[in-house]
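According to TrEMBL, the transmembrane segment annotation covers 82-103, 115-138, 150-166, 208-233, 239-258, 318-343, 355-375, 410-429, 435-456, 477-494, 500-521. Taken from TrEMBL, the feature domain 'Major facilitator superfamily (MFS) profile' covers 84-527.
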(Lines of atoms letter the chains of each structure in order from A and count residues from 1; the text may use other names and numbers.)
(Lines give C-alpha, C1' and ligand atoms only; values in the text may rest on other atoms or scores of the structure.)
Protein backbone atom coordinates (compact mmCIF):
# COMPACT_ATOMS: atom_id res chain seq x y z
CA UNK A 1 0.00 0.00 0.00
CA UNK A 2 3.00 2.22 -0.13
CA UNK A 3 1.88 2.99 -3.66
CA UNK A 4 -1.21 4.63 -2.25
CA UNK A 5 1.17 7.29 -1.06
CA UNK A 6 3.05 7.66 -4.28
CA UNK A 7 0.12 7.30 -6.63
CA UNK A 8 -1.92 9.84 -4.78
CA UNK A 9 0.38 12.49 -6.14
CA UNK A 10 -1.26 12.01 -9.48
CA UNK A 11 -3.82 14.55 -8.29
CA UNK A 12 -1.08 17.14 -8.19
CA UNK A 13 -0.99 17.45 -11.95
CA UNK A 14 -3.24 20.26 -13.03
CA UNK A 15 -3.36 20.15 -16.80
CA UNK A 16 -5.41 23.01 -18.15
CA UNK A 17 -7.31 23.18 -21.40
CA UNK A 18 -9.95 25.43 -22.85
CA UNK A 19 -12.53 24.08 -25.25
CA UNK A 20 -12.83 25.21 -28.85
CA UNK A 21 -16.55 25.76 -28.69
CA UNK A 22 -17.50 28.65 -26.43
CA UNK A 23 -21.15 27.71 -26.39
CA UNK A 24 -21.12 23.95 -26.02
CA UNK A 25 -17.92 22.90 -24.27
CA UNK A 26 -19.09 23.40 -20.71
CA UNK A 27 -22.31 24.95 -19.55
CA UNK A 28 -20.70 25.46 -16.15
CA UNK A 29 -18.52 28.25 -17.52
CA UNK A 30 -21.10 30.00 -19.68
CA UNK A 31 -22.46 33.38 -18.64
CA UNK A 32 -24.05 36.37 -20.36
CA UNK A 33 -21.15 38.57 -19.32
CA UNK A 34 -18.68 36.28 -21.08
CA UNK A 35 -20.87 36.28 -24.19
CA UNK A 36 -21.00 40.07 -24.23
CA UNK A 37 -17.25 40.37 -23.73
CA UNK A 38 -16.53 38.03 -26.64
CA UNK A 39 -18.84 39.91 -28.99
CA UNK A 40 -18.28 43.43 -27.63
CA UNK A 41 -16.56 44.71 -30.79
CA UNK A 42 -19.52 43.58 -32.88
CA UNK A 43 -21.95 45.23 -30.48
CA UNK A 44 -19.97 48.46 -30.57
CA UNK A 45 -19.93 48.54 -34.36
CA UNK A 46 -23.69 48.13 -34.48
CA UNK A 47 -24.41 51.09 -32.18
CA UNK A 48 -24.64 54.68 -33.33
CA UNK A 49 -24.21 57.73 -31.13
CA UNK A 50 -27.38 59.61 -30.30
CA UNK A 51 -27.83 63.32 -30.25
CA UNK A 52 -26.59 63.61 -26.68
CA UNK A 53 -23.49 61.58 -27.47
CA UNK A 54 -24.43 58.32 -25.76
CA UNK A 55 -24.66 55.03 -27.59
CA UNK A 56 -27.97 53.38 -28.28
CA UNK A 57 -26.44 49.97 -27.46
CA UNK A 58 -23.94 49.25 -24.68
CA UNK A 59 -22.50 52.47 -23.30
CA UNK A 60 -18.94 52.92 -22.12
CA UNK A 61 -19.73 52.35 -18.43
CA UNK A 62 -21.59 49.12 -19.19
CA UNK A 63 -18.83 47.92 -21.48
CA UNK A 64 -16.26 48.61 -18.79
CA UNK A 65 -18.32 46.64 -16.31
CA UNK A 66 -18.67 43.70 -18.69
CA UNK A 67 -14.93 43.57 -19.22
CA UNK A 68 -14.37 42.99 -15.51
CA UNK A 69 -13.00 39.59 -14.69
CA UNK A 70 -15.17 37.24 -12.66
CA UNK A 71 -14.45 37.44 -8.95
CA UNK A 72 -11.55 35.39 -7.64
CA UNK A 73 -12.51 32.29 -5.64
CA UNK A 74 -10.82 33.71 -2.55
CA UNK A 75 -9.75 37.10 -1.25
CA UNK A 76 -6.93 35.53 0.73
CA UNK A 77 -3.43 36.82 0.11
CA UNK A 78 -0.79 34.53 -1.35
CA UNK A 79 0.94 33.94 2.03
CA UNK A 80 -2.39 32.96 3.61
CA UNK A 81 -3.18 30.65 0.70
CA UNK A 82 0.21 29.00 1.10
CA UNK A 83 -0.38 28.56 4.84
CA UNK A 84 -3.77 26.91 4.28
CA UNK A 85 -2.45 24.67 1.49
CA UNK A 86 0.52 23.55 3.61
CA UNK A 87 -1.88 22.81 6.47
CA UNK A 88 -4.24 20.68 4.36
CA UNK A 89 -1.25 19.03 2.72
CA UNK A 90 -0.11 18.05 6.20
CA UNK A 91 -3.61 16.63 6.76
CA UNK A 92 -3.20 14.40 3.70
CA UNK A 93 -0.17 12.91 5.45
CA UNK A 94 -2.62 10.86 7.55
CA UNK A 95 -4.12 8.78 4.73
CA UNK A 96 -0.89 7.70 3.00
CA UNK A 97 0.82 7.18 6.35
CA UNK A 98 -2.00 4.88 7.47
CA UNK A 99 -1.57 2.87 4.29
CA UNK A 100 2.20 2.51 4.10
CA UNK A 101 2.97 2.16 7.80
CA UNK A 102 0.91 -1.05 7.87
CA UNK A 103 2.98 -3.06 5.38
CA UNK A 104 5.93 -4.10 7.58
CA UNK A 105 3.53 -5.45 10.24
CA UNK A 106 1.71 -7.97 8.03
CA UNK A 107 3.77 -10.96 9.13
CA UNK A 108 3.70 -10.27 12.92
CA UNK A 109 -0.03 -9.47 12.73
CA UNK A 110 -0.71 -12.80 11.05
CA UNK A 111 1.32 -14.58 13.72
CA UNK A 112 -0.30 -12.82 16.70
CA UNK A 113 -3.85 -13.18 15.38
CA UNK A 114 -3.27 -16.83 14.37
CA UNK A 115 -4.21 -16.39 10.71
CA UNK A 116 -2.39 -17.00 7.43
CA UNK A 117 -0.62 -14.35 5.38
CA UNK A 118 -3.34 -14.75 2.74
CA UNK A 119 -5.98 -13.88 5.32
CA UNK A 120 -4.07 -10.89 6.66
CA UNK A 121 -3.66 -9.66 3.07
CA UNK A 122 -7.44 -9.44 2.86
CA UNK A 123 -7.28 -6.54 5.33
CA UNK A 124 -5.48 -4.66 2.55
CA UNK A 125 -8.29 -5.59 0.16
CA UNK A 126 -10.95 -4.34 2.58
CA UNK A 127 -9.01 -1.11 3.17
CA UNK A 128 -8.84 -0.39 -0.55
CA UNK A 129 -12.48 -1.24 -1.20
CA UNK A 130 -13.49 1.40 1.32
CA UNK A 131 -11.03 3.83 -0.27
CA UNK A 132 -12.85 3.26 -3.57
CA UNK A 133 -16.43 3.63 -2.36
CA UNK A 134 -16.60 5.98 0.63
CA UNK A 135 -15.28 9.17 -1.08
CA UNK A 136 -18.28 9.05 -3.43
CA UNK A 137 -20.53 9.89 -0.48
CA UNK A 138 -18.39 12.26 1.58
CA UNK A 139 -17.59 14.79 -1.17
CA UNK A 140 -21.17 16.07 -1.41
CA UNK A 141 -21.46 16.35 2.37
CA UNK A 142 -18.40 18.60 2.64
CA UNK A 143 -19.68 20.74 -0.25
CA UNK A 144 -22.91 21.36 1.65
CA UNK A 145 -21.94 21.41 5.35
CA UNK A 146 -18.45 22.82 5.05
CA UNK A 147 -14.88 21.50 5.17
CA UNK A 148 -14.18 22.00 8.88
CA UNK A 149 -17.09 19.91 10.28
CA UNK A 150 -16.22 16.96 8.05
CA UNK A 151 -12.53 17.25 8.88
CA UNK A 152 -13.15 17.46 12.63
CA UNK A 153 -15.52 14.47 12.68
CA UNK A 154 -13.17 12.42 10.47
CA UNK A 155 -10.16 13.15 12.68
CA UNK A 156 -12.03 12.34 15.89
CA UNK A 157 -13.18 9.04 14.38
CA UNK A 158 -9.65 8.38 13.11
CA UNK A 159 -8.20 8.80 16.61
CA UNK A 160 -10.76 6.46 18.16
CA UNK A 161 -10.35 3.80 15.47
CA UNK A 162 -6.56 3.77 15.67
CA UNK A 163 -6.69 3.33 19.43
CA UNK A 164 -9.13 0.47 18.87
CA UNK A 165 -6.79 -1.11 16.32
CA UNK A 166 -3.89 -0.93 18.76
CA UNK A 167 -6.00 -2.85 21.31
CA UNK A 168 -7.31 -5.38 18.79
CA UNK A 169 -6.90 -9.11 19.46
CA UNK A 170 -9.22 -10.66 16.84
CA UNK A 171 -8.98 -10.95 13.08
CA UNK A 172 -12.61 -9.93 12.50
CA UNK A 173 -12.17 -6.85 14.67
CA UNK A 174 -9.02 -5.91 12.75
CA UNK A 175 -10.87 -6.25 9.44
CA UNK A 176 -13.82 -4.10 10.54
CA UNK A 177 -11.67 -1.38 12.09
CA UNK A 178 -9.36 -1.25 9.08
CA UNK A 179 -12.43 -0.54 6.92
CA UNK A 180 -13.47 2.28 9.25
CA UNK A 181 -9.90 3.58 9.33
CA UNK A 182 -9.93 3.70 5.53
CA UNK A 183 -13.19 5.66 5.52
CA UNK A 184 -11.94 8.27 7.98
CA UNK A 185 -8.55 8.76 6.30
CA UNK A 186 -10.06 8.98 2.81
CA UNK A 187 -12.46 11.66 4.09
CA UNK A 188 -9.51 13.75 5.25
CA UNK A 189 -7.84 13.42 1.84
CA UNK A 190 -10.99 14.31 -0.11
CA UNK A 191 -11.72 17.40 2.00
CA UNK A 192 -8.10 18.53 1.76
CA UNK A 193 -8.23 18.34 -2.03
CA UNK A 194 -11.56 20.22 -2.06
CA UNK A 195 -10.02 22.98 0.07
CA UNK A 196 -7.36 23.58 -2.57
CA UNK A 197 -10.10 23.88 -5.19
CA UNK A 198 -11.96 26.36 -2.95
CA UNK A 199 -9.20 28.95 -2.84
CA UNK A 200 -7.34 28.50 -6.14
CA UNK A 201 -8.32 28.94 -9.76
CA UNK A 202 -7.36 26.04 -12.06
CA UNK A 203 -4.71 28.24 -13.68
CA UNK A 204 -3.19 28.99 -10.25
CA UNK A 205 -2.83 25.44 -9.00
CA UNK A 206 0.34 24.60 -10.86
CA UNK A 207 2.05 27.52 -9.07
CA UNK A 208 1.30 25.89 -5.70
CA UNK A 209 2.27 22.30 -6.52
CA UNK A 210 5.34 22.43 -4.32
CA UNK A 211 3.09 23.10 -1.32
CA UNK A 212 0.25 20.69 -2.18
CA UNK A 213 2.64 17.75 -2.44
CA UNK A 214 4.37 18.16 0.93
CA UNK A 215 2.24 15.65 2.86
CA UNK A 216 2.16 12.95 0.21
CA UNK A 217 5.84 13.29 -0.61
CA UNK A 218 6.96 12.88 2.98
CA UNK A 219 4.51 10.07 3.72
CA UNK A 220 5.41 8.14 0.57
CA UNK A 221 9.04 7.82 1.59
CA UNK A 222 8.81 7.81 5.38
CA UNK A 223 5.78 5.66 6.21
CA UNK A 224 7.18 2.17 5.47
CA UNK A 225 10.39 2.93 7.33
CA UNK A 226 8.55 4.45 10.31
CA UNK A 227 6.25 1.44 10.38
CA UNK A 228 9.18 -0.96 10.34
CA UNK A 229 11.05 0.83 13.13
CA UNK A 230 7.98 1.12 15.37
CA UNK A 231 6.90 -2.48 14.83
CA UNK A 232 10.41 -3.84 15.35
CA UNK A 233 11.14 -2.06 18.64
CA UNK A 234 7.71 -1.45 20.16
CA UNK A 235 5.44 -4.02 18.52
CA UNK A 236 2.79 -3.61 15.84
CA UNK A 237 0.26 -1.84 18.17
CA UNK A 238 2.66 1.12 18.29
CA UNK A 239 1.98 1.97 14.63
CA UNK A 240 -1.68 2.61 15.44
CA UNK A 241 -0.83 4.68 18.52
CA UNK A 242 1.46 6.72 16.28
CA UNK A 243 -1.36 7.26 13.77
CA UNK A 244 -3.70 8.30 16.59
CA UNK A 245 -1.13 10.87 17.74
CA UNK A 246 -0.73 12.23 14.20
CA UNK A 247 -4.52 12.56 13.86
CA UNK A 248 -4.59 14.28 17.25
CA UNK A 249 -2.11 16.91 16.07
CA UNK A 250 -4.23 17.39 12.95
CA UNK A 251 -7.37 17.81 15.04
CA UNK A 252 -5.64 20.44 17.19
CA UNK A 253 -4.60 22.42 14.10
CA UNK A 254 -8.04 22.24 12.48
CA UNK A 255 -9.93 23.33 15.59
CA UNK A 256 -7.56 26.19 16.43
CA UNK A 257 -6.40 27.81 13.18
CA UNK A 258 -7.94 26.20 10.07
CA UNK A 259 -10.57 28.51 8.50
CA UNK A 260 -13.69 27.41 6.65
CA UNK A 261 -13.18 27.66 2.87
CA UNK A 262 -16.31 26.02 1.45
CA UNK A 263 -17.73 28.39 -1.18
CA UNK A 264 -21.30 27.51 -0.18
CA UNK A 265 -20.58 28.72 3.36
CA UNK A 266 -18.13 31.63 3.08
CA UNK A 267 -18.13 32.58 -0.61
CA UNK A 268 -14.80 34.14 -1.47
CA UNK A 269 -13.86 34.37 2.20
CA UNK A 270 -15.65 37.62 3.01
CA UNK A 271 -18.82 35.95 4.33
CA UNK A 272 -18.36 35.00 8.00
CA UNK A 273 -19.16 31.37 8.83
CA UNK A 274 -21.51 30.43 11.63
CA UNK A 275 -19.95 30.91 15.09
CA UNK A 276 -19.68 27.17 15.76
CA UNK A 277 -17.77 26.73 12.49
CA UNK A 278 -14.98 29.18 13.27
CA UNK A 279 -11.48 28.24 14.45
CA UNK A 280 -10.78 28.97 18.10
CA UNK A 281 -8.12 31.58 17.28
CA UNK A 282 -10.66 33.46 15.17
CA UNK A 283 -12.77 34.09 18.27
CA UNK A 284 -9.98 36.30 19.65
CA UNK A 285 -9.40 38.26 16.44
CA UNK A 286 -11.23 41.52 15.72
CA UNK A 287 -14.06 41.11 13.21
CA UNK A 288 -13.34 41.95 9.58
CA UNK A 289 -14.26 45.46 8.48
CA UNK A 290 -14.74 44.51 4.81
CA UNK A 291 -18.38 44.03 3.77
CA UNK A 292 -19.42 40.42 3.12
CA UNK A 293 -19.96 39.57 -0.55
CA UNK A 294 -22.90 37.19 -0.29
CA UNK A 295 -23.25 36.88 -4.05
CA UNK A 296 -19.92 34.99 -4.18
CA UNK A 297 -21.39 32.02 -2.34
CA UNK A 298 -21.86 29.00 -4.60
CA UNK A 299 -24.68 26.66 -3.54
CA UNK A 300 -23.81 22.96 -3.64
CA UNK A 301 -24.93 21.11 -6.72
CA UNK A 302 -28.22 19.31 -6.26
CA UNK A 303 -27.17 16.58 -8.58
CA UNK A 304 -25.66 13.57 -6.84
CA UNK A 305 -21.90 13.39 -7.01
CA UNK A 306 -22.30 9.65 -7.56
CA UNK A 307 -24.33 10.30 -10.73
CA UNK A 308 -21.69 12.76 -11.93
CA UNK A 309 -19.00 10.16 -11.32
CA UNK A 310 -20.94 7.50 -13.22
CA UNK A 311 -21.53 9.89 -16.12
CA UNK A 312 -17.81 10.59 -16.43
CA UNK A 313 -16.87 6.92 -16.09
CA UNK A 314 -19.28 5.93 -18.88
CA UNK A 315 -17.59 8.23 -21.40
CA UNK A 316 -15.66 5.82 -23.61
CA UNK A 317 -12.40 7.75 -23.68
CA UNK A 318 -12.37 8.39 -19.93
CA UNK A 319 -13.34 4.77 -19.28
CA UNK A 320 -10.42 3.38 -21.29
CA UNK A 321 -7.93 5.74 -19.65
CA UNK A 322 -9.22 5.05 -16.13
CA UNK A 323 -9.19 1.28 -16.65
CA UNK A 324 -5.60 1.47 -17.91
CA UNK A 325 -4.58 3.61 -14.95
CA UNK A 326 -6.32 1.20 -12.57
CA UNK A 327 -4.50 -1.79 -14.07
CA UNK A 328 -1.14 -0.09 -13.55
CA UNK A 329 -2.10 0.78 -9.98
CA UNK A 330 -3.27 -2.77 -9.24
CA UNK A 331 -0.06 -4.22 -10.65
CA UNK A 332 1.97 -1.94 -8.40
CA UNK A 333 -0.04 -3.07 -5.37
CA UNK A 334 0.64 -6.69 -6.29
CA UNK A 335 4.38 -6.01 -6.53
CA UNK A 336 4.45 -4.26 -3.16
CA UNK A 337 2.46 -6.99 -1.41
CA UNK A 338 5.18 -9.47 -2.38
CA UNK A 339 7.70 -7.62 -0.19
CA UNK A 340 6.32 -8.56 3.24
CA UNK A 341 5.05 -11.94 1.98
CA UNK A 342 8.18 -13.17 0.18
CA UNK A 343 11.13 -11.20 1.57
CA UNK A 344 10.27 -12.18 5.14
CA UNK A 345 10.25 -15.89 4.28
CA UNK A 346 12.99 -15.97 1.65
CA UNK A 347 15.53 -13.50 3.03
CA UNK A 348 14.45 -13.60 6.70
CA UNK A 349 13.93 -9.84 6.75
CA UNK A 350 12.87 -8.17 9.96
CA UNK A 351 10.28 -5.41 9.98
CA UNK A 352 12.79 -2.57 9.58
CA UNK A 353 14.30 -4.25 6.52
CA UNK A 354 10.85 -4.83 5.02
CA UNK A 355 10.03 -1.15 5.50
CA UNK A 356 13.36 -0.06 4.01
CA UNK A 357 12.70 -2.21 0.94
CA UNK A 358 9.40 -0.41 0.37
CA UNK A 359 11.29 2.89 0.48
CA UNK A 360 13.15 1.92 -2.71
CA UNK A 361 9.86 1.81 -4.62
CA UNK A 362 8.67 5.04 -2.97
CA UNK A 363 11.84 6.94 -3.90
CA UNK A 364 11.48 5.71 -7.47
CA UNK A 365 7.97 7.11 -7.59
CA UNK A 366 9.04 10.35 -5.95
CA UNK A 367 11.79 10.98 -8.52
CA UNK A 368 9.49 10.26 -11.46
CA UNK A 369 8.25 13.87 -11.44
CA UNK A 370 11.69 15.14 -12.42
CA UNK A 371 11.91 12.77 -15.38
CA UNK A 372 8.48 12.57 -16.97
CA UNK A 373 7.05 16.03 -16.24
CA UNK A 374 9.78 17.82 -18.26
CA UNK A 375 9.38 15.29 -21.08
CA UNK A 376 5.63 15.82 -21.09
CA UNK A 377 5.94 19.60 -21.05
CA UNK A 378 8.44 19.54 -23.93
CA UNK A 379 6.21 17.27 -26.02
CA UNK A 380 3.12 19.42 -25.46
CA UNK A 381 5.10 22.52 -26.46
CA UNK A 382 6.25 20.66 -29.57
CA UNK A 383 2.65 19.85 -30.49
CA UNK A 384 1.64 23.48 -29.95
CA UNK A 385 4.48 24.64 -32.16
CA UNK A 386 3.58 22.19 -34.93
CA UNK A 387 -0.08 23.22 -34.69
CA UNK A 388 0.85 26.87 -35.08
CA UNK A 389 -0.08 28.03 -31.61
CA UNK A 390 0.91 31.68 -31.27
CA UNK A 391 0.28 32.37 -34.95
CA UNK A 392 -2.79 33.85 -36.59
CA UNK A 393 -5.04 31.03 -37.88
CA UNK A 394 -5.21 31.14 -41.69
CA UNK A 395 -8.67 29.60 -42.08
CA UNK A 396 -10.38 31.43 -39.26
CA UNK A 397 -10.80 28.15 -37.40
CA UNK A 398 -9.42 27.79 -33.85
CA UNK A 399 -6.00 26.18 -33.61
CA UNK A 400 -6.16 22.92 -31.68
CA UNK A 401 -3.73 20.32 -30.45
CA UNK A 402 -4.53 16.72 -29.63
CA UNK A 403 -3.88 16.40 -25.92
CA UNK A 404 -4.33 12.62 -26.10
CA UNK A 405 -1.45 12.13 -28.51
CA UNK A 406 0.79 14.68 -26.84
CA UNK A 407 0.49 12.88 -23.51
CA UNK A 408 0.32 9.27 -24.69
CA UNK A 409 3.48 9.66 -26.77
CA UNK A 410 5.24 9.82 -23.40
CA UNK A 411 2.91 7.59 -21.37
CA UNK A 412 2.88 4.57 -23.71
CA UNK A 413 6.68 4.09 -23.85
CA UNK A 414 6.72 4.48 -20.07
CA UNK A 415 4.15 1.67 -19.74
CA UNK A 416 6.24 -0.61 -21.98
CA UNK A 417 9.37 0.18 -19.97
CA UNK A 418 7.51 -0.52 -16.72
CA UNK A 419 6.28 -3.83 -18.14
CA UNK A 420 9.86 -4.94 -18.73
CA UNK A 421 10.85 -4.06 -15.16
CA UNK A 422 7.87 -5.98 -13.73
CA UNK A 423 8.94 -9.12 -15.63
CA UNK A 424 12.52 -8.59 -14.45
CA UNK A 425 11.38 -8.24 -10.84
CA UNK A 426 9.25 -11.40 -10.90
CA UNK A 427 11.95 -13.65 -12.34
CA UNK A 428 14.74 -12.05 -10.30
CA UNK A 429 12.76 -12.78 -7.15
CA UNK A 430 12.13 -16.33 -8.38
CA UNK A 431 15.80 -16.97 -9.16
CA UNK A 432 16.97 -15.75 -5.76
CA UNK A 433 19.47 -13.09 -6.87
CA UNK A 434 21.05 -10.84 -4.28
CA UNK A 435 18.56 -8.58 -2.56
CA UNK A 436 20.48 -5.49 -3.73
CA UNK A 437 19.49 -6.30 -7.31
CA UNK A 438 15.83 -6.59 -6.30
CA UNK A 439 15.94 -3.23 -4.54
CA UNK A 440 17.36 -1.58 -7.67
CA UNK A 441 14.64 -3.15 -9.84
CA UNK A 442 11.98 -2.00 -7.35
CA UNK A 443 13.24 1.56 -7.76
CA UNK A 444 12.64 1.41 -11.52
CA UNK A 445 9.29 -0.33 -11.10
CA UNK A 446 8.17 2.53 -8.86
CA UNK A 447 9.63 5.15 -11.18
CA UNK A 448 7.97 3.90 -14.37
CA UNK A 449 4.67 2.89 -12.80
CA UNK A 450 4.18 6.19 -11.00
CA UNK A 451 5.35 8.15 -14.04
CA UNK A 452 2.84 6.45 -16.33
CA UNK A 453 -0.06 6.80 -13.88
CA UNK A 454 0.71 10.47 -13.29
CA UNK A 455 0.65 11.19 -17.01
CA UNK A 456 -2.71 9.41 -17.38
CA UNK A 457 -4.07 11.35 -14.41
CA UNK A 458 -3.05 14.58 -16.11
CA UNK A 459 -4.89 13.49 -19.25
CA UNK A 460 -8.06 12.71 -17.26
CA UNK A 461 -7.85 16.13 -15.61
CA UNK A 462 -7.43 17.93 -18.92
CA UNK A 463 -10.45 16.13 -20.37
CA UNK A 464 -12.67 17.10 -17.40
CA UNK A 465 -11.35 20.50 -16.40
CA UNK A 466 -14.67 21.66 -14.94
CA UNK A 467 -15.42 18.38 -13.14
CA UNK A 468 -12.06 17.61 -11.57
CA UNK A 469 -13.54 16.35 -8.29
CA UNK A 470 -15.95 13.93 -9.98
CA UNK A 471 -13.24 12.79 -12.39
CA UNK A 472 -10.89 12.14 -9.46
CA UNK A 473 -13.60 10.18 -7.64
CA UNK A 474 -14.25 8.04 -10.73
CA UNK A 475 -10.54 7.44 -11.18
CA UNK A 476 -10.15 6.54 -7.50
CA UNK A 477 -13.03 4.08 -7.71
CA UNK A 478 -11.45 2.11 -10.56
CA UNK A 479 -7.94 2.29 -9.08
CA UNK A 480 -8.79 1.04 -5.63
CA UNK A 481 -11.22 -1.63 -6.86
CA UNK A 482 -8.46 -3.02 -9.07
CA UNK A 483 -5.91 -2.71 -6.27
CA UNK A 484 -8.24 -4.53 -3.86
CA UNK A 485 -8.48 -7.47 -6.24
CA UNK A 486 -4.72 -7.49 -6.78
CA UNK A 487 -3.98 -7.50 -3.04
CA UNK A 488 -6.30 -10.46 -2.54
CA UNK A 489 -4.85 -12.43 -5.47
CA UNK A 490 -1.12 -12.12 -4.78
CA UNK A 491 -0.69 -14.81 -2.13
CA UNK A 492 -2.76 -17.49 -3.96
CA UNK A 493 -0.95 -16.68 -7.22
CA UNK A 494 2.49 -17.03 -5.64
CA UNK A 495 1.49 -20.38 -4.16
CA UNK A 496 0.04 -21.57 -7.48
CA UNK A 497 2.51 -20.36 -10.13
CA UNK A 498 5.41 -18.69 -8.29
CA UNK A 499 6.74 -15.15 -8.40
CA UNK A 500 8.26 -15.44 -11.88
CA UNK A 501 5.05 -16.33 -13.68
CA UNK A 502 3.12 -13.93 -11.48
CA UNK A 503 5.35 -11.11 -12.77
CA UNK A 504 4.79 -12.32 -16.32
CA UNK A 505 1.01 -12.35 -15.78
CA UNK A 506 1.08 -8.78 -14.45
CA UNK A 507 3.17 -7.75 -17.45
CA UNK A 508 0.65 -9.35 -19.82
CA UNK A 509 -2.16 -7.37 -18.16
CA UNK A 510 -0.03 -4.22 -18.51
CA UNK A 511 0.23 -4.88 -22.24
CA UNK A 512 -3.56 -5.14 -22.37
CA UNK A 513 -3.76 -1.72 -20.73
CA UNK A 514 -1.28 -0.39 -23.29
CA UNK A 515 -3.60 -1.71 -26.01
CA UNK A 516 -6.49 0.30 -24.56
CA UNK A 517 -4.30 3.40 -24.49
CA UNK A 518 -3.35 2.78 -28.11
CA UNK A 519 -7.05 2.85 -29.02
CA UNK A 520 -7.32 6.24 -27.28
CA UNK A 521 -4.21 7.42 -29.11
CA UNK A 522 -5.60 6.39 -32.50
CA UNK A 523 -9.25 7.37 -32.09
CA UNK A 524 -9.48 9.67 -29.06
CA UNK A 525 -9.52 12.86 -31.11
CA UNK A 526 -12.67 11.65 -32.89
CA UNK A 527 -14.45 11.28 -29.54
CA UNK A 528 -13.52 14.82 -28.54
CA UNK A 529 -13.08 16.67 -31.83
CA UNK A 530 -12.89 20.10 -30.24
CA UNK A 531 -9.39 19.33 -28.91
CA UNK A 532 -7.39 22.02 -27.15
CA UNK A 533 -7.60 25.66 -28.20
CA UNK A 534 -4.73 28.07 -28.43
CA UNK A 535 -5.78 29.51 -25.08
CA UNK A 536 -4.84 26.25 -23.45
CA UNK A 537 -2.04 25.99 -20.97
CA UNK A 538 -1.94 22.24 -21.05
CA UNK A 539 1.47 21.72 -19.59
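Cβ atoms are placed via backbone N, Cα and C, with glycine included.
Keep in mind that TrEMBL annotations are predicted by a computer and have not been checked by a curator.
If you count C-beta pairs under 8 angstroms between the transmembrane segment (477-494) and each of 115-138, 150-166, 208-233, 410-429, 500-521, the highest count goes to 115-138.
Contact count against the transmembrane segment (318-343) (Cβ pairs under 8 Å) is highest for 500-521, out of 82-103, 355-375, 410-429, 500-521. Using a Cβ-Cβ cut-off under 8 Å and counting only residues 6 or more beyond its ends in the same chain, the transmembrane segment (82-103) has close neighbours at 1-2, 4-5, 8, 76, 124, 127, 151, 155, 158, 162, 181-182, 185-186, 188-189, 191-193, 195-196, 199-200, 208, 211-216, 218-220, 222-224, 226-227, 230, 239, 242-243, 246-247, 250, 253-254, 257-259, 261, 336, 339-340, 354-355, 358, 362. Stretch with the largest number of CB pairs closer than 8 A to the transmembrane segment (410-429), among 115-138, 208-233, 239-258, 355-375, 500-521: 500-521. In this model, the domain 'Major facilitator superfamily (MFS) profile' (84-527) carries an average pLDDT of 87.
With respect to Cβ pairs under 8 Å, the transmembrane segment (239-258) is most closely packed against 208-233, considering the stretches 208-233, 355-375, 500-521. Counting residues 6+ beyond its ends, the transmembrane segment (208-233) has Cβ neighbours under 8 Å at 2, 5-6, 8-9, 12, 14, 81-82, 85-86, 89-93, 95-97, 99-105, 108, 192, 196, 200, 239, 242, 350-359, 362-363, 365-366 in the same chain. With a cut-off of 8 Å between Cβ atoms, the residues of this chain six or more beyond the transmembrane segment (150-166) that come close are 91, 94, 98, 138, 141-142, 173-174, 177-178, 180-181, 183-185, 187-188, 191, 237-238, 240-241, 243-244, 247-248, 250-251, 254-255, 258. Sequence-distant contacts of the transmembrane segment (500-521) (same chain, six or more residues past either end, CB-CB distance under 8 Å): 317, 320-321, 323-324, 327-328, 331, 334-335, 338, 404-405, 408-409, 411-412, 415-416, 418-420, 422-427, 429-431, 456, 490, 493-494.
When Cβ-Cβ distances below 8 Å are used as the criterion, the transmembrane segment (355-375) is approached by residues 2-3, 5-7, 9, 100, 103-104, 217, 220-221, 224-229, 332, 335-336, 339, 343, 349, 410, 414, 435, 438-440, 442-451, 454-455 of the same chain, each at least six residues removed from its ends.
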